[in-house]
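Heads up: the structure comes next, in structure tokens.
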Amino acid sequence: MTNMIRQFLRQEAAGGLILIFAAVVALFMANSPLQGFYQSFLDVPVSVKIASLDISKPLLLWINDGLMAIFFLVVGLEVKRELMEGSLAGRDKAIFPAIAALGGMLAPALIYLLFNGADEVTRQGWAIPAATDIAFALGVMALLGNRVPTSLKVFLLALAIIDDLGVIIIIALFYTHEVSLQALGMAAAAIALLGYMNWRGVGKTSAYLLVGLVLWVCILKSGVHATLAGVIVGFMIPLHTQDKRSPSESLEHGLHPWVAYLILPLFAFANAGVSLQGVSISGLTSLLPLGIASGLFIGKPLGIFLFSWLAVKLGVAKLPDAINFKQIFAVSVLCGIGFTMSIFIASLAFDGADIALTTYSKLGILLGSTTAAVVGYSLLRLALPAKRNITH
């Protein structure tokens, strides 16, 4: 196991615990006398004006559109590294987690649609339970220490990375509405420039980030979700240069602590603060939150485990070393922790709709994710050997 992956897992796990704390603080503030301060903080107007460019948004949207673009930049860097020389490099390594991830996205979406498919508005949230919060899941897994085999951690990492890639595609295809062709054309020119820089072997990360900033503005103005700029830049930064450097890994190494310890916890703090005022039992047991919670807690493990089992039984893929199906099932339950990624998709799905839809969708996410975390931890604790003396 490379030092980079080992460090990645440590940062994600610790960041997951901070993320949980941030969410709890947000929930407390949103339902206490501090509620006014909490809302005022999120509504603080922030403006950037450069020549004719004027971007004015409340702080909440700067977090969701700006800081989350940095998160997706790191996702792009991770996916590229893993595809080229990591846990997803080559068919044999990639096929098992890829099939598992596919099942883990299809089943939750189908279960959600069983509850909400008949409603024209709420059916827009079909992708909410399809996401996995890797930081949260690894944070829960970290509670079991070195009892967890390295191969099981890498399986969760690979599955979650493919899941992230699927979420990126879903956002691009299904949650983009009005499009400005002029801004999109400028974005295409920026992408072409990034591709040319990669082809010419430009190794200066700052050059990619500068063009990436222009790309972010163009995509933001185009109507496509601006976080996609981060993924594109991540894929364009070279993994290796002729002088044996790795601009991609250096940037990933530098950004990871900021993402794990600041950006994702701040996103959780900004988005998990659901006010329970006006929330009713009938609303909490309505089809929207039930569909989301069922998709996360039932659909995720059902899809991941069933697709994994079929892939092995049909000879399409092999079970990774030192892993059994009991452990796969426990991890598949942990993957039902959608949390930040599910909240992010919910904010896109119900943008401009009745605020109650966002409120109840967040409650469904919290219910499903918390249940998946508790049950997944308990099942994994039972599925693992009592003590591991071998360190990796």
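Glycine is no exception: its Cβ is also placed from the backbone N, Cα and C atoms.
Beyond the transmembrane segment (14-34), the same-chain residues lying 6 or more positions past its ends with a Cβ under 8 Å from any Cβ of the stretch are 133, 135-140, 142, 259-261, 264-266, 268-277, 339-340, 366. According to Swiss-Prot, the feature transmembrane segment maps to 14-34 (among others).
According to Swiss-Prot, the feature transmembrane segment maps to 59-79 (among others), an assignment based on sequence analysis.
What Swiss-Prot lists as transmembrane segment is 95-115 (among others).
A Cβ distance under 8 Å defines the sequence-distant neighbours of the transmembrane segment (125-145), meaning residues of its chain 6+ beyond its ends; these are 9, 12-17, 19-20, 104-105, 108-109, 111-113, 116, 153, 156-157, 159-161, 163-164, 166-167, 170, 174-175, 260, 264, 288, 291-292, 294-296, 299-300, 331, 334-342, 344-346, 349-350, 357, 361, 364-365, 368-369, 373, 376-377, 380-381, 384. The transmembrane segment annotation in Swiss-Prot covers 125-145 (among others), and the record cites sequence analysis as its basis.
What Swiss-Prot lists as transmembrane segment is 154-174 (among others).
The transmembrane segment annotation in Swiss-Prot covers 179-199 (among others) and is backed by sequence analysis. Within the chain, the transmembrane segment (179-199) has long-range Cβ neighbours (under 8 A, six or more residues past its boundaries) at 207-208, 211-212, 214-215, 218-219, 221-224, 229, 232-233, 236-238.
If you look at the transmembrane segment (213-233), the same-chain residues 6 or more away from its ends with a CB under 8 A from one of its CBs are 53, 55, 65-66, 68-76, 79, 168, 171-172, 175-180, 183-184, 186-187, 190-191, 194, 348. Taken from Swiss-Prot, the feature transmembrane segment applies to 213-233 (among others).
Annotation comment: Swiss-Prot describes 254-274 (among others) as transmembrane segment, evidence class sequence analysis. Listed by sequence, the residues of this chain that lie at least six past the ends of the transmembrane segment (254-274) yet keep a Cβ under 8 A from its Cβ atoms are 7-8, 11-12, 14-15, 18-19, 21-23, 25-27, 29-30, 38, 42, 59-60, 63-64, 67-68, 70-71, 73-74, 77, 135, 339-340, 343-344, 347, 359, 362-363, 366.
The transmembrane segment feature in Swiss-Prot is assigned to 287-307 (among others).
What Swiss-Prot lists as transmembrane segment is 328-348 (among others), and the listing cites sequence analysis.
According to Swiss-Prot, the feature transmembrane segment maps to 363-383 (among others).
Scored on C-beta pairs under 8 angstroms, the neighbour of the transmembrane segment (59-79) with the top count among 95-115, 154-174, 287-307, 363-383 is 154-174.
Counting C-beta pairs under 8 angstroms (sequence separation of 6 or more), the transmembrane segment (154-174) fails to reach the transmembrane segment (363-383), with fewer than 3 such pairs. Non-local neighbours of the transmembrane segment (328-348) in the same chain are 19, 23, 64, 68, 100, 104, 108, 125, 127-133, 135-137, 140-141, 152, 155-156, 159-160, 163-164, 167, 170-171, 175, 225, 264, 267-268, 271-272, 292, 296-297, 299-301, 303-305, 308, 319, 358, 361-362, 365-366, 368-369, 371-373, 375-377, 379-380, 382-383; each lies 6+ residues outside the stretch with a CB under 8 Å from one of its CB atoms. Long-range contacts of the transmembrane segment (95-115) within the same chain, counting only residues at least 6 positions beyond its ends with a Cβ under 8 Å from a Cβ of the stretch, are 87-88, 123, 125-130, 132, 155, 158-160, 162-163, 166, 287-288, 290-292, 294-296, 298-300, 302-308, 311-312, 316-320, 328, 332, 335-336. The list of residues near the transmembrane segment (363-383) in space but at least 6 beyond its ends in sequence, with Cβ under 8 angstroms from a Cβ of it, reads 23, 27, 128-129, 133, 136-137, 140-141, 143-144, 148, 272, 274, 279, 284, 288-297, 300-301, 324, 326-327, 329-331, 333-339, 342-343, 346.
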